[in-house]
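Below is one structure, written out as structure tokens; comments come after it.
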Amino acid sequence: MEWTGIILAGGRSSRMGTNKAVLPIDGQPVIERLACELQKATDEVIISCGPSALYAELGLPLRQDIYSGCGPLAGLHAGLAASARKWSLVVSCDMPFANAALFRYMAEQAQMLENQRRGGHGEPMEAVIPYVGDRAQPLLAMYRRSVLPELERALGEGHLRVNHWISSLPAKYISGEELGQASGLPAELAVFNMNQPEDYKTAQLYAEQQNLGQRNC
């Protein structure tokens, strides 16, 4: 199954105090690492980056939000709208350890859902979303392009919380155990995201301990 990789990089990084996407892990910016990992798993990668052209040097298509100032839901919309493929995987630019093995596994789950849909088996699902601990991870997930009308409705009505939007979405949830087996990492590390300077320090420590910080491309 062909699918598109979408990196969400349009946030303001207000809690971090600097652009999270370009923070280096052992010399490699996080967004570059994610782009490399996605390119190992699929042949189409888009960066949803708001009004910024900061990432042009990566040589990937850049897409600006259609619904400006509406947060990650708008970035998700821009990425899905830019892809003609039936399924896309979105990953937030502050998740330094999400890897190609995990992306491939999630795409396999989406393919299974698509096969079930074609065969008329079970409820048609629109997303594949990891669930680690007691939290869904909607910014590291596969979405079917058919969610766009509901996404546009939510944005148009000002309902901007991603977790609220996915609560009514028919979705397959991936457990932490599955996530760990697929990625080869502890589940909490696979979905680790950096919001504050302390998180960045933790990510650097993880990279050093796990030997994960090496350049990928």
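Placement of Cβ uses the backbone N, Cα and C atoms for every residue, glycine included.
Record check: TrEMBL places Leu8, Ala9, Gly10, Lys20, Asp65 at the GTP site, and the matching candidate among Asp43, Asp94, Asp134 is Asp94. In this view, Lys20 (GTP binding site) is surrounded by 26 other Cβ atoms within 10 Å of its Cβ, with every protein chain counted. Neighbour density for Leu8 (GTP binding site): within 10 A of its CB lie 27 other CB atoms from the protein chains shown.
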